[in-house]
Amino acid sequence: MPNLKRLPIPPLQDTLNRYLARVEPLQDERQNRRTRRTVLSAENLDALNTLHERLLEYDARLAESNPESSYIEQFWYDAYLLYDATVVLNVNPYFQLQDDPTIKDTPETAAQGPYGAHTVQVRRAARLTTSILKFIRQIRHGTLRTDTVRGKTPLSMDQYERLFGSSRIPPGPGEPSCHLQTDATSHHVVAMYRGQFYWFDVLDTRNEPIFATPEQLEWNLYSIIMDAESAGSGSAPFGVFTTESRRVWSNIRDYLFHADDCTNWRNLKLIDSALFVVCLDDVAFAADQQDELTRSMLCGTSTINLDPHQHQPPLNVQTGTCLNRWYDKLQLIVTKNGKAGINFEHTGVDGHTVLRLATDIYTDSILSFARGVTKNVVDIFSDDDGKPSSSSLASAAHSANLITIPRKLEWRTDNFLQSSLHFAETRISDLISQYEFVNLDFSNYGASHIKTVFKCSPDAFVQQVFQVAYFALYGRFETVYEPAMTKAFQNGRTEAIRSVTGQSKLFVKSLLDQDASDATKIQLLHDACTAHSQITRECSQGLGQDRHLYALYCLWNQWYKDKLELPPIFRDKSWTTMQNNVLSTSNCGNPCLKSFGFGPVTANGFGIGYIIRDHSVSVVVSSRHRQTARFASLMEKSLLEIDRIFKRQQARAAKPAARTTASANTKSEDMKYLLSGYDYFDVSVSG
């Protein structure tokens, strides 16, 4: 583990200055004057100073009792664990991996493969699972290479300890919140197919993988599929309980705990302690079904079959992938045609940690094919001494008493559980139907073009595009959230980048102003990107405003609410505005990912996961049936329009006298499309 500095607590006045700067672009002059008076009032400063001193004392005690900690850590856990609504679409994000180019998905492949129509699925799942086991081995042996920023600055590695064997457990009787349970001795995985559960051991007592090659694992996965298919559709899909609110799920678990037959409770404990869950989906998605694949990876699909000859209502009517999940844990999802992704419970880990996992297992799964051809292939999971990450087979002495043949988990149901399963299924079906997802794959240019031609930070640039698209559609600016990683500090998590600035507003308005010159638009774009990059740097250094103020609020709420009146800043409308993230965005770029996404965090908002590659930009947009497709289309139009502005400016520089009619007409058509939202919505465009 690297020896890192503690996450700093900024000076209070610096935090307040940043807060005022971040909220100002979202207010009119009257609102901002009121907020400034509130924030700078003696009443507010006295209260916050008291809480700030208590926070410094709390952090000092924490540093002494647990050096590997941070002041925000427990408060951040509580923010997740106190959340009572379903984790589906509200907490869990997903990553979709790129396809495996060494596994061909064709009808001929399926027909000739050893596992029939499931050949591609079984091989992909076996490769990725084997690679994950190597990853776990390195974590437990302490040989996982330290994460760094550009190969230099080391990052905190504490989150990897909670990545596997962890489960979000609903509150027990009398408990105020969920808790994160981690079994550091877990050696088994759970696999699901058609909502049915199986388990088997995958690590020996030395934490060495039992299945050293994918081929050794394939038959286990195929036998699970065959057994589940032979069982028909009568099994109880207990995974749907993890889609319930925490209170409902808690009541069901309590009922199972007190049942005379302890079979169901034993099953729960076995799933809770599993390393992770392998979800083998009985569905394939074609290339033109990317939006539906996104839905399946993030929340599962809802497919209702009302044919009475095939199913007996009310159970077993739902045949979508939403029943083939266990949302309280890390899940590896593999479709029938080999599309693969990861859905993860967010409490203990952030996207950067899971991205490292995704990168390593994707790379290793590809290399495993090459190693079958030649042994002269690098092993990314080799130890520092070059020793391979696992022996060819786990020794018998350390594999004794391990269960390597899949065993099915059988559930006992009664009238209460049958009705609970039914209503859980109808609720998740309702929830899924309320959301829509749109994928934008922009291939005209990417990070390389943005840096060399536009001279902008790619992330800062794309953030401006989101604001342009939203303003073009709705004529206003809303709160935008982007997480900045603070893992350069011990047990760091994230800080909130607030993307709307005075500079970004000027750029957005200029881009939509047909009277503004291209030179002006370019300069304002550079100003906006520079401001965004500066905020990003400060946040990455732990010098933001959101986490500090949130810690102060938590201190007041937990220990001082009976002694101290709530500080005025937390009663001001600006605080509500800043917490209402209409555009919740996150950048998780890596070549191993096909897409990345999550649900909106407000009822009227958008969730925007994006990947900036060298020559393309991929965006997944989610919302509760706002104009999602139109919003994504405006992003694309904005990207194209900005590129045309630079091309026109370059042409003028090369030929100052050239003024072609074609370029003028192109500009007019682009702006007509971007401005179409103003004619459709009766809103002010002066915000």
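Cβ coordinates come from backbone N, Cα and C, glycine included.
Annotation comment: Swiss-Prot describes H346 as active site, proton acceptor, evidence class similarity to another entry. Classification of H346 (active site, proton acceptor) by DSSP places it in coil, neither helical nor stranded.
Taking a C-beta cut-off of under 8 angstroms and a sequence separation of 6 or more, P458 (CoA binding site) has the following same-chain neighbours: G446, A447, I450, K451, I612. Per Swiss-Prot, the feature CoA binding site maps to G446, A447, S448, H449, I450, K451, T452, V453, F454, K455, C456, S457, P458, D459.
For T494 ((R)-carnitine binding site), the same-chain residues 6+ apart in sequence whose C-beta sits under 8 angstroms from its C-beta are D350, P483, A484, M485, T486, R547. In the three-state DSSP scheme, T494 ((R)-carnitine binding site) falls into the strand class. For Y481, T494, the entry in Swiss-Prot reads (R)-carnitine binding site.
In this structure, S517 (phosphoserine) belongs to neither helix nor strand by DSSP; it is coil. If you draw a 10 Å sphere around the CB of S517 (phosphoserine), it holds 12 other CB atoms from the protein chains shown. Annotated phosphoserine per Swiss-Prot: S517, in sequence order, evidence recorded as a large-scale study or a structure entry.
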Under 8 Å by Cβ from F454 (CoA binding site), same chain, sequence gap 6 or more: F461, L525, I642, F646
By Cα-Cα distance, the member of recorded positions S448, T452, C456, Y481, S517 nearest H346 (active site, proton acceptor): Y481
Residue pair S448 (CoA binding site), Y481 ((R)-carnitine binding site) - Cα distance, angstrom, rounded: 25
Number of Cβ atoms other than its own within 10 Å, given for C456 (CoA binding site): 22
Euclidean distance between Cα atoms of T452 (CoA binding site) and Y481 ((R)-carnitine binding site), Å: 27
Local backbone state of G446 (CoA binding site), from DSSP in three classes: coil
Integer Cα-Cα distance in angstrom, T452 (CoA binding site) to S517 (phosphoserine): 22
Rounded Cα separation (Å) that holds between C456 (CoA binding site) and S517 (phosphoserine): 19
